Amino acid sequence: MVRIATMLGLAALLSLPLLPARADDRPGVTLEGTIEATAQAQLTLHGVTFHVTALTRILNTVAQPIPFSQLAVGQRVEVEGMLAADGRFYAHSIKQITPEDRPDRVQARGRITALSADSLTVHGFTFRLTAETEVEGTLAVGLYAEVEGEVREGQFVALQVEGSAGDQDADRFPTIELKGPILALQDSVLVVQGLRIWVTAATRIHADDQLLTLADLVVGMLVEVEAHLSRDGQLTAIEIEVASEDRITVSRREIELKGFIQALSDSTLTVGGLTFWVTPLTQIYDDEDQPLSFAALEVGQFVEVKGYFDLRQRLLLALEIEVETLGEHMFEFAGPIEAVGTDSLVVAGLTFWVSSTTTIEDAWGRSLMLSDLQVGMLVKVKAERQRDGTWLALKIKVLKAFHPVVDVRGPIEALTDSTLTVSGLVFHARPGVFVIDAQGQQVHLSDLQLGMVVKVRGVAHPDGTYWAMRIHVLTDENDQEVEIEGTIEAIGTDSLVVAGVPVFVDANTQILTEDGMTITFGELQTGQIVEVKATMHTGLGLVAQQIKIESLVAATGRADTLRADAVVVGSVTFAITSQTVVVDAQQQPIAWADVQAGQQVIVYGRRSASVAKTGNGIHSTTYTADYVTVLDAAAITTTASERLPADAALDPAYPNPFTQRTTLRFTLGGTAPQPVTLEIYNLLGQRVRTLVHTTLPPGVHEVIWNATDEAGRPVASGMYLYRLQVGRQALTRTLTLVR
């Protein structure tokens with residue numbers, strides 16, 4: 001495979017920005033030796049002078065970054081660099097190395113510019129050929145070669161030379177490599193760094209070890225492309241690799257993040273500008289893997305958070321939080337920029353000084369200046385503590401904002417010039433969004449119609465909006481597929497109601513337990529949590545293809561029935577055992593005996609093996625409760641007396657969960673009218689709807705909420721808070737919307 005002479009030559013040929021070279025088969029050199037001289041931004045070894053730039057990485061013997069000023073004559077180093085068009089060698093990296101009892105090593109990769117019987121020159125390095133030199137392939141001026149050798153008596157001696165394989169087609173079609181975000185996608189062409197690259201059936205597309213197709217690529221993805229350059233200037237992709245994030249890893253809505261705790265509430269923590277909700281399932285450890293309580297966390301602690309994005313609630317939920325101890329002199333974390341000065345910036349309340357040795361990159365690895373940074377940008381900072389106690393930034397990298405990816409399938413319920421609604425979610429669509437019809441051809445958003453069944457891949461932005469990345473019209477074979485997950489509310493002779501949706505069964509319906517065992521329709525029971533895959537049949541409705549009982553379940557609602565060993569929430573029975581953890585809303589342990597019927601609870605449970613099947617073969621609807629959170633005090637009722645309570649009372653919503661509308665009931669005490677406010681909030685603390693804001697007399701009052709916001713727009717499925725304010729008294733409960 002033939003490469004173009006130098007990266008600068010390639011940049012000039014294709015008008016590409018220069019990318020840092022890597023120690024692979026791109027043109028470049030690697031040289032070990034003792035520093036013979038240093039000057040301003042340059043050093044010399046074995047008579048070769050390398051110039052140092054802002055992109056040069058300088059590391060000590062333990063791979064920690066150091067400034068150029070710490071390099072000195074007499075130190076041993078390994079330098080990787082390249083010969084530029086101006087005839088100078090520029091260092092990509094300089095590593096301090098420990099002395100070894102062997103000759104210094106030297107490597108060169110690039111075009112052969114001179115060749116004789118006893119020497120050859122590759123990428124500016126001239127090597128002596130001896131009887132011990134091993135040669136593979138064809139050597140000729142203009143062909144690509146890789147040379148490995150040693151430094152002997154001031155000369156570079158070639159030990160192994162790998163030349164061209166002699167394929168003339170390879171010389172006619174040189175290979176280039178590009179890295180950057182996809183700027184545009186159309187048919188079989190993608191645009192990276194302003195260049196149009198053709199994708200063929202032979203192009204290998206992958207992310208890590210997972211093979212992908214062209215349809216999986218979206219505008220904005222960071223990719224590395226290897227492509228052939230033909231004589232007519234056309235680029236044809238050989239391989240496209242979707243690059244992963246440097247610090248924040250997003251996979252199947254999962255996220256891992258390190259940084260300082262910037263804020264804490266009763267049930268959330270904010271790290272790196274992202275707010276995570278802490279649930280009873282969140283595990284918290286110290287740096288010695290000892291369990292911690294959520295109350296033990298403090299603002300300013302350095303933590304690693306692992307979590308995921310919950311599509312229904314549109315929240316980041318923390319699965320694991322580990323408190324880490326910072327190194328005494330160096331640390332690395334992510335967070336939003338709070339202030340930018342002429343030679344410093346503030347992140348998470350800490351001031352970091354920026355020097356000429358500080359490397360600043362954007363999300364794609366391109367070099368930036370401090371003046372390019374702006375308040376609010378999410379950055380990763382690698383810093384070193386100075387003797388005076390200040391922090392010096394060694395590297396600053398701008399991170400892409402975290403936008404969890406969501407996939408939704410269903411009929412188009414509403415359509416405008418810039419939005420479409422699928423499964424109750426409103427997706428915004430930018431001009432040029434990638435739309436594929438049922439035949440696999442790219443079309444426009446205007447070609448879509450109401451009722452079409454589509455699969456939408458989008459991202460959830462922090463402001464709560466969804467933005468479509470790709471819209472795929474499903475074929476006749478799968479365009480009526482629907483997936484439902486919820487509680488079995490009713491069972492008929494040939495149908496059942498799941499989450500308020502009627503679903504029919506037939507002889508082809510497959511019914512499975514949580515472990516994949518086949519059961520009959522008669523073994524299903526109301527109260528079980530199931531996942532249903534169904535198709536729409538004209539004149540009949542939804543017919544289930546598969547019904548699978550779920551083993552894990554979370555239920556939110558009123559404790560309708562309470563016993564010493566069980567609780568019923570929303571028609572689901574949870575067994576209470578000695579292993580069940582019970583806490584209040586502040587995550588403080590309480591006794592199960594103190595819980596009362598009518599209180600609002602969140603129960604996380606599972607179907608245990610011991611109760612998965614009863615003696616008669618029927619799968620039980622009883623789950624074992626692992627964790628119970630009691631959200632409020634018991635509801636106040638006045639069935640025995642018509643006297644009103646001295647204070648206000650807020651009853652549980654009914655129904656809850658609900659699909660379209662729910663009734664909120666509250667009672668005002670006292671003898672005189674009082675100012676009353678009843679509002680709906682999402683779990684981010686944002687007000688969704690004000691239902692009541694007036695003065696009301698004592699007594700019982702009811703308000704219906706139809707699951708819309710102030711503008712009359714339907715809100716997304718998930719958990720909400722409804723808050724009653726009466727004078728100085730405030731009462732809050734939760735309710736769940738399931739569409």
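Glycine is treated like the rest: Cβ placed from N, Cα and C.
These come from TrEMBL:
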type   : residues : note
DOMAIN : 32-95    : domain 'DUF5666'
DOMAIN : 109-162  : domain 'DUF5666'
DOMAIN : 179-241  : domain 'DUF5666'
DOMAIN : 258-322  : domain 'DUF5666'
DOMAIN : 335-397  : domain 'DUF5666'
DOMAIN : 409-471  : domain 'DUF5666'
DOMAIN : 485-548  : domain 'DUF5666'
DOMAIN : 557-609  : domain 'DUF5666'
DOMAIN : 660-724  : domain 'FlgD/Vpr Ig-like'
SIGNAL : 1-23     : signal peptide
Most Cβ pairs under 8 Å with the domain 'DUF5666' (335-397), selected from 32-95, 109-162, 179-241, 485-548, 557-609: 32-95
Please check if the domain 'DUF5666' (557-609) comes into contact with the domain 'FlgD/Vpr Ig-like' (660-724), where contact means 3 or more CB pairs closer than 8 Å and the residues in each pair are separated by 6 or more positions. no
Find the member of 32-95, 109-162, 258-322, 485-548 that has more C-beta pairs under 8 Å to the domain 'FlgD/Vpr Ig-like' (660-724) than any other listed stretch. 258-322
Would you confirm whether the domain 'DUF5666' (179-241) and the domain 'DUF5666' (409-471) meet the contact rule of 3 or more C-beta pairs below 8 angstroms, pairs 6 or more apart in sequence? yes
Residue counts (helix, strand, coil, in that order) that DSSP gives for the domain 'DUF5666' (409-471): 3 helix, 34 strand, 26 coil
As a test of reading the model: what is the averaged pLDDT for the domain 'DUF5666' (179-241)? 78
DSSP helix/strand/coil residue counts for the domain 'DUF5666' (179-241): 3 helix, 37 strand, 23 coil
